[in-house]
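Here's what TrEMBL has on this protein:
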COMPBIAS  B:581-596  compositional bias 'Basic and acidic residues'
DOMAIN    B:21-552  domain 'Cytochrome oxidase subunit I profile'
REGION    B:566-596  region 'Disordered'
TRANSMEM  B:38-60  transmembrane segment
TRANSMEM  B:80-103  transmembrane segment
TRANSMEM  B:115-138  transmembrane segment
TRANSMEM  B:166-194  transmembrane segment
TRANSMEM  B:206-234  transmembrane segment
TRANSMEM  B:276-293  transmembrane segment
TRANSMEM  B:305-326  transmembrane segment
TRANSMEM  B:332-350  transmembrane segment
TRANSMEM  B:371-391  transmembrane segment
TRANSMEM  B:403-426  transmembrane segment
TRANSMEM  B:446-468  transmembrane segment
TRANSMEM  B:488-512  transmembrane segment
Amino acid sequence: MALAVVVVLLVVGSVIFHFTQLYGGPWYFTDIAADWGTIDLTINITFWVTGFVFVVVNLFMAWCVYKYRQKDGHKAVYEPENHKLEVGLTAFTTIGVIAMLAPGLFVWAQFVTVPEEAIEYEVLGQQWQWQFRYPGADGQLGFADVSHVSESNPFGINPEDPAGQDDVVVNDPNMHLAVNQPVHALLRSNDVLHNYTVPQFRVKMDLVPGLVSYLWFDPTKEGTYDILCEELCGIGHFIMRGSVKVESQAEFDAWISSQPTFAETQSMAAPNIAAGQTAYAICATCHGAQGEGNSALNGPKLAGQDAWYLERQLKYFKEGVRGGEGDTIGSAMVPMAMTLADDNAIRNVAAYIETFTDTPAPTTIAGDIENGADIYDRNCAACHLDDGAGTWYTDAPALAGMSDWYFVRQISNFGAGIRGLHPNDNFGEQMVAMATAMDSVEEINDVAAYINTLR
Amino acid sequence: MAYVPLADRDHEMEMHHPHSWVEKYVWSQDHKVIAIQYGSIAVFTGIVGLALSLLFRMQLGFPDTATFIDPSFYYQAVTMHGMIMVVYLLTALFLGGFGNYLIPLMCGARDMVFPFMNMLSVWVFLVSVIILMASFFVGGGPTGGGWTLYPPQTNLAGTPGHDMGIVLMLISLGVFIVATTMGGLNYVVTVLQYRCRGLTMMRLPLSVWGIFVATILALFAFPALLVAAIMMLFDILAGTSFFMPAIIESGTPLDHNGGSPVLFQHLFWFFGHPEVYIVALPAFGLVSDVLSVHARKNIFGYRMMVWAIIAIGGLSFIVWAHHMYVSGMHPYFGFFFATTTLIIAVPTALKVYNWVLTLWEGDIRLNAPMYFAIGFIFTFIHGGITGLFLGNVVIDLPLSDTYFVVAHFHMVMGVSPVLVVFAAIYHWYPKMSGRMFHSGMAKLHFWCTFLGTYAIYLPMHYLGFLGVPRRYYALGTTDFIPQSAQDLNTTITIAALFVGASQLLFFINIIWSLRYGPKADPNPWGAASLEWHTPDTPPSHGNWGDSLPTVYRWAYDYSVPGAREDFIAQNTPETEEPTVDEQHFDPDQDKSLADA
């Protein structure tokens, strides 16, 4: 009896819950931003067919449980089979299945057929970043292969291929698209499986190393949407994020012309180390003449740090991405970075710092090395490598031999959300998430103490 | 020499009667002891899997509260939970546990055909569990690559347990498959060759049919996993490139070339999809018997139920790539696999109708096992219809890899089979132990489990609609996921903790009743199938005393007009009770294997 009532309540409750979500509840599909309304329609058809079965079968079952519960003098009916009923139910189910499958296959045929007017672009996934490439004026993407991948050519574009020279490369995880222009996304991975998902576009597909997969859609609504990775790709899977901005054709054209072509990235003039040396004079006060660092003046060691990382951080300070609210010590860097007039000046300084002899910074932090090693190996080594050397590939700076007190301060800042959450900090949010692997100042010290052994 | 069925050579067969405690309870060749050993190891492993799930639910519901759950541990817990529950709990429990206990008893046999191999099977299974558990204690810990173990990610530096963890996992799976094969051959041969006189295939209880067909699936499907595991071990240990294209690990190009990660997925799911039915078909069978007995009514449409089991088993081998719609395989495959997948819904739906129609015009005894069986119908309908969303290829585009998938497969192959496990344990407990369990406590256990799991999984579907991805340690910041999604996650975790804790009711009940429960009647539910008509309860070694039973009718003679009671045991001769519907169940018209 109670069971029958509960089944009825669950059916009614589920249906009510569904309709509250369908009409304004917070937990239903986000507003669609691509021309895939047909997918949503197929979902609705499936809801009506399966919903009908869910309600009818369960209510019938509840009624049976109530009506045919054991009673004195009551006996079950002996009826092994009922051919007519079974045939009828088979036919009914078959019709229901066809009603769902037919539109599904029809829409799938649209999905696998890329329209001719669709413009290609490439999505490159690697642990744990998105990058994008657009064909240049020739409308063609150059051949690319893992064997060509390097810090200056992260896409692995074949330098010999003329079609690749004018390709526009976007080395950060933010891409743009023109509204109402169908696009054909070619998906490629340098390492493991990833999955290119924008919930508002409704379609997704895996990126598979060794082959090129694809999907297509027609963005119909301007706005900025999150790109997520939805195929488990290792420890950083949940923080592999990007964004796509859908904007007018004019805005898109302006944006893409401001991005460098592959040829431009390959033919940049060598940095001027002498100019960098001049500019560094102001830095030496806090960071030391040889970039050895000075804890009393809050200047971390710079010698031995990768140039790409120094450049990025200097830009961040300059643009107010770092050193903002809450970061009282870091804010001192903002006016310093301002003294560097442009990107070239930043490159020059970073190149000069790379010439310093790298001697490990003094050890100032003590902690439980064993615990630090455990935390580091489990959570940090994936990006910063086992030896703490860091690598451009995962956007991870060197840690080994660098200032340990600075490490502790920065992890604390990430943990407190002081660093890494600026909307233009494309890489810092990953550290905000990973900093949770260290639960207390003691644990951060433990990791710092362990990193001190890696030199 | 003419073929003489095994059942007619009973006097020639020698039972290996145990001579010591160790032979009786440790190195036992008695299928009933082996069943309990299999079940106990599986349940113990399952408790580890359950505990892991509660830990990672803590991280999702209350982020960063349980401080030792870092991203690395989270992925390891998720991975081990999945593999343990699917393979080491459910597969082992249904085939090794229920298969072992019920097949010989329901077939009127003295034991399995190969008792020694049966004993080997359970001990090899234990070895596989020990290897699996060992991975928690090696450097780097167990693999965190997801239970699907997709390369190249599982053996690359960015994944927890990429060195020893994944190697131990693959070896453990290999050993498990050896155990399953030894057990599985036994179950199949026993069903085909060791049925007692008069027991045609079309007179078998559906429990036997479900386990029988599931075992055949296992024998065909597990080899695909075995070769995948061996190939991956070669990739890791010998530097081959079966699944490894030219790729970069942490900035360094690897010395691999030309392999295909998608090939692994095909092999994995060629095993993985039948695996769903390896779990589901025994559950279908067991629940059919529980429903029929407690409704005092024959299972509705028996022959259709048998053919549905066979049809589902066959179809389950040609639907595997519906797990791979967005894997980057050729998209044209989508047409074929969406079609086969939705076709499989037809026999599956018919089974559901027949369960409900078994209740219709019955005389339903709401005993504890029946609660679980009816609860199963509800959760299985729910899990089945969400499968129609994911199977219909275009709907998989938005929903794949979201919480909708997690909710779907937990409803259909987590909650539903587990409800059947409980139904079956409560149902056969009086026969297995000779004692009755506490009925009130069992019903309380039902309410907590049934309502609690629905509170977990109904909202989880909506996280999936919203687009929340699965396998995320933390949601981070996005524009489309509202803060209330976190509140929903918290609610789900609270429900999960509640369900986890309420399983204590089950363990307390069955352990306490083992000693203090009232003595059980040999056939407390008034069931017709053979296992309830053994001379001893619990059945002694050899099951049937001096002579094997002879079967005269099918297993579902309930409420037959003109019968003295509301059931007729399968071994009651036609002379004593009305015969079954001859048109349907006359053994002379049955062209099944027994008459060969």
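In case you wondered, yes, glycine gets a Cβ from its N, Cα and C as well.
Between the transmembrane segment (B:166-194) and the transmembrane segment (B:305-326), fewer than three CB pairs separated by 6 or more residues in sequence fall under 8 Å, so the two stretches do not touch. Same-chain residues lying 6 or more positions outside the transmembrane segment (B:371-391) and placing a CB less than 8 Å from one of its CB atoms are 283, 287, 290-291, 294, 319, 322, 338, 341-342, 345, 348-349, 352, 355-356, 359, 399-400, 404-405, 407-413, 415-416, 419-420, 422-423, 426, 442-443, 446, 449-450, 453-454, 458, 461. Here the transmembrane segment (B:38-60) has long-range neighbours at 66, 69, 73-74, 77-78, 80-81, 84-85, 88-90, 92-93, 96-98, 100-101, 121-122, 125-126, 129, 132-133, 183, 473-474, 489, 492-493, 496-497, 500, 503, meaning same-chain residues at least 6 beyond its ends whose C-beta is under 8 angstroms from one of its own. Sequence-distant contacts of the transmembrane segment (B:115-138) (same chain, six or more residues past either end, CB-CB distance under 8 Å): 16, 27-31, 34, 37-38, 41, 45, 48, 80, 83-84, 88, 92, 96, 100, 161, 164-165, 168-169, 171-173, 175-176, 178-180, 182-183, 185-186. Sequence-distant contacts of the transmembrane segment (B:305-326) (same chain, six or more residues past either end, CB-CB distance under 8 Å): 202, 206, 209-210, 213-214, 216-217, 220-221, 262, 265-266, 269-270, 272-274, 276-277, 280-281, 284-285, 288, 299, 333-334, 336-338, 340-341, 343-344, 347-348, 350-351, 354, 390-391, 393, 396-397, 400-401. Under 8 Å from some Cβ of the transmembrane segment (B:80-103) lie the Cβ atoms of residues 31-32, 34-36, 38-39, 41-43, 45-46, 48-49, 52-53, 56, 109, 112, 118, 121-122, 125, 128-129, 132, 136, 142-143, 146-148, 169, 173, 176, 179-180, 183-184, 187, 190-191, 207-208, 211-212, 214-215, 218, 275, 278-279, 282-283, 286, 413-414, 417-418, 421, 424, 428, 432, 531, all in the same chain and six or more residues away from its ends.
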